[in-house]
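Per TrEMBL, the features are:
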| type | residues | note |
| --- | --- | --- |
| BINDING | A:Glu225 | Mg(2+) binding site |
| DOMAIN | A:93-162 | domain 'NADH:ubiquinone oxidoreductase 30kDa subunit' |
| DOMAIN | A:297-462 | domain 'NADH-quinone oxidoreductase subunit D' |
Amino acid sequence: MSRFDWLSEYLARLEDDHLIARHGDNRALAPAHRLELDAEDWGPAGRIAAAMGLRHAGVWADPLGPGPMESDTEIEGPAIRVQACLEQGGDYLILQTLVSQARPVLGSHTPAYPGVDRLERHAQDLTGVRFLRHPDERRWTRHQAWSADDYPLRADFPIEGRSAGRTPADVDYPFTRIQGSGVYEIPVGPVHAGIIEPGHFRFQAAGEDVLRLEERLGYVHRGIEKIAVGRDPQGLIRLAGRVSGDSTVAYAWAAAQAMERAAGCAPPPRATSLRALLAERERIANHLGDIGAICNDVGFAFAHVQCARLREQWQRRSAALFGHRLMMDTLVPGGVAYGLSETGFRELRLDHAALHKTIEPLFDVIDDHPSLDDRLIGTGILAQADARALGCTGYVGKASGLDFDVRRDSPYAPYDQVRVEVPEETAGDVAARVRVRMKEVRASLWMLDRLLDALPEGEIAVPFPRPEEGAMGLGLIEGWRGEILCFVRFAEEGRIARYFPRDPSWFTWPALERLIHGNIVPDFPVCNKSVNGSYAGVDL
Amino acid sequence: MLFSEPRQAEGSWVSSPSRLAITLPYYYETRFSMFRILKQSLRTGVVTEAAPSHNDAELERLGIEVRRHIDARFGGSLAIRQVDAGSCNGCELEIHALNNPFYDVERFGIHFVASPRHADVLLVTGPVSRHMETALRRTWRATPSPKFVIAAGSCACDGGEIGVSYASCGTIENVIPVDVKIPGCPPSPVDLLKGLLGALEIDR
Ligand code: SF4
């Protein structure tokens, strides 16, 4: 089948609606195709994409500053470029447009794509782009650290901010209320009861049943996008590896991939294979930890202890071979920082076999244990329609019948050389998410051995050439949570002008709000753990 | 080999699930699960390791800095309230690992509690994001005295990759007083354990 068979139809439909789309330089954001739109066509283009069933993979704004403009526009003064990513069948399309910083107004995509609600509000809070007809006018990432008419990502905003005083709590955030007899509210967080990240959950409940859950995040906003500006490629990878620590390899890879595409640099085959090895190790470690934690949330300590011990052994091997228990800082622009010795190779083989042998009986127990079944089956069901509407990827999407996986559907090296098994379940409940994760552990373990079988010889890194000023790159990596998108634009001297990483959790956090509906309050922890959105990954 | 096959209970009765066939069908499924669980547990054996050494030189080598002496003893038991004040969540993964069977901190009387009101110690990670600044202060105020603050991770100790900005207050010390610092990005569970045990002994 020819790739991208939906693009011509999309273009035709745009034309039917008298929208003008110009083709951008297609190497610039490969593998995505690029369409340049007029600002007033932005909203309708989103609506048409939604009508065609394309998945929205996120939107971000890029204040271009006062520097030289690349295209001939009528915009006077500084401009902001807004880009959105659409996907279907593994083909990606970037829509882009320019607005003036003085009057940055665009039609919102949220009415057609509820999943981008918070991404648009994030862009508004940080760059000042206003999305008209957005159904929710409230701030999202901004609490009280800067004022409503300040936009941290604009060039004129000082990195140290404008106030040195204490930052008050964001007490006035207008939560949605439900009223009725017997309806009560449970506020939770930002400091939670366990060892977890901070965020606020507002439950409206009647009796035990959750009527509504509203999330309020942004507590761990660390200004990642701002402090990325001016870094060199190596510095960006170090920062990327700390956006969401549990996905350090995937983030580092996404940033490396975006920068390498922008610079026209191809990492050697041995390096990409080793990156995949690290990424699959990361997937296994996190799934093991989470499967155990989900079981623990329903009082099944046995699985928790077993999974925790396996995870610990796994991390120790990572430390021994790759210098770090979470494999932080193992990637460099142009390759990887650690090779794999003959002994390391053999040790991995033995590990894989041993883990395989251990998980089989363990997963058998988890898969069919009456007390787990009681609590996990039918709990926290995410309907396929909701998962699709929100654009969920990763195990959340896969457990609700959406089997998209970047490694298989838009393969990047070395996944173009190895078979990627993508598990799919349809029940959409906590049990289905656990099953998907167990299958992914098995699949990754199998894949690890195939990667070792075919591990190419040669260099593990090549020198990273200096990218041209204005060069852009898109990184698309299947992290353990799902698709991670990363946008990079370079300034002069190979410095970063814009870094935007989009975590899959942007779409699964709203999914949690939907799937908790009608469940009982005490089941929230297990539902939450089964989704396990990253706070740090979306707060940035 | 890290994944060594643990000592197996030779000829153990649990290895023969066929005996279960004689149990009542109603209980069959549950029982069978129980036996599989017992079998796996026996196979695994005990993996908990001896406590790491934590003499002064060691602590110093780890850069664990003791700023203030605490006045009262915690009676050999330490109740910890962990607060993520802006971490990337890497530190949390390693703090979690303290509860795995290899480290099993509970055996030292160290346990994690759900409220600062029950805590002797705040174990704080991350740089302090400005959005968490007030929450951290309030958590600190809610902790009864004598209280003890441990900053865990490079971000918490010196700002790490994040530092001070419009969004971040930088180190924990910039917001609340800190007694012990455990650097590392993230600190390994062994480093965390040494730091905690060191904190326990400060006043002895
Ligand atoms: S010290 Fe490292 S692991 Fe810990 S929060 Fe900071 S960046 Fe993350």
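Positions of Cβ are set from backbone N, Cα and C atoms, glycine also.
Mean model confidence for the domain 'NADH:ubiquinone oxidoreductase 30kDa subunit' (A:93-162) is a pLDDT of 95.
Taken residue by residue, the domain 'NADH:ubiquinone oxidoreductase 30kDa subunit' (A:93-162) breaks down under DSSP into 14 helix, 14 strand, 42 coil. Following the DSSP three-state reduction, the secondary structure of the residue listed as 'Mg(2+) binding site' is helix.
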